[in-house]
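One structure below.
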Ligand code: ADP
Ligand code: NA
């Protein structure tokens, strides 16, 4: 069996919150213990829509700092910025010769993201899946974690790899396998159990930020919207109670337990008892993350060194495949 190698990218966003942690970052932290992992900040993907340059710069640093603060170990996983490894953009261009317009036209995510103004969308947004194919194929990646919405893009990467290998008569690119994770935790707003916790919600009380201190966390959880009933004994009892379901789900995710486990402990108790327990749990788990985030922000050189080291490793891993791709094409 070939060596297992996993790659995953994340778009840089700022003002990270509990939803980003439980829905995205934490999965990486777990994955790095399960095999060789490359994680990158998808800054080249980010520019397919317009970003204020200063905001983008800031978001890239925030996301990098958050990943390290949340537990990505740069000695264990290769953590880097995509733009620091030019081979991503180079291989993308080479693969543009292989990818077919008809294939890209079938990508449902472009249709959703471009909306009604398809003619006004950037070429980058349209060709985004080819860059994703390059991200993955560049490292002979064997496994790629994908959500429902990304399955089609990984299929495309496999089609591009197969066509390239066939067209040029080489066994160059490894066909990556999708790793379908369990349903990602979806964290809802503390003010409205039917809306996603999001940085774009104007109310700061709606979310737990990764930078919140213990007192702020306790107060946000205490003031979270709930109904007057005590917690049910079973998960079925959460039906039609989105706020209760959300808080129980958060408690479960933070303790690697199931909602049923949480209800086995707290069923029958009111929110007057459950909220302080949840607040303390969050404060104790997120406290060290906030602390490390502060350190990394106060010491930009440390973060720069981590990213430089990751980029160096990634460039070394990418070089042979890029060279082989050029050679196969006669360049
Ligand atoms: P926001 O919704 O705050 O703008 P982003 O869209 O920047 O967050 O999301 C960054 C990553 O965090 C994505 O992988 C996304 O799926 C995840 N994420 C964001 N909000 C939540 C949430 N409320 N619950 C679970 N995952 C989330
Ligand atoms: Na968003």
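Positions of Cβ are set from backbone N, Cα and C atoms, glycine also.
Given the structure is predicted, the values throughout are model-derived calculations rather than measurements.
Among the residue ranges 196-200, 201-205, 206-210, the one that TrEMBL annotates as motif ''KMSKS' region' is 196-200. Which of 3-11, 12-20 counts as motif ''HIGH' region' depends on TrEMBL, and there it is 12-20. Taking Cβ-Cβ distances under 8 Å and a sequence gap of 6 or more within the same chain, the neighbours of residue 11 (ATP binding site) are 41, 42, 45, 46. With a cut-off of 6 Å between Cβ and the nearest atom of ligand 1, the binding-site residues 13, 135, 148, 187 reduce to 13, 187.
Taking the Cβ of residue 20 (ATP binding site) as reference, residues of its chain lying under 8 Å away and at least six apart in sequence are, in sequence order, 13, 66, 210. For residue 135 (L-tryptophan binding site), applying a Cβ distance below 8 Å and a minimum sequence separation of six or more within one chain yields 7, 9, 40, 42, 82, 88.
Secondary structure of the motif ''KMSKS' region' (196-200) per DSSP, as helix, strand and coil residue counts: 0 helix, 1 strand, 4 coil.
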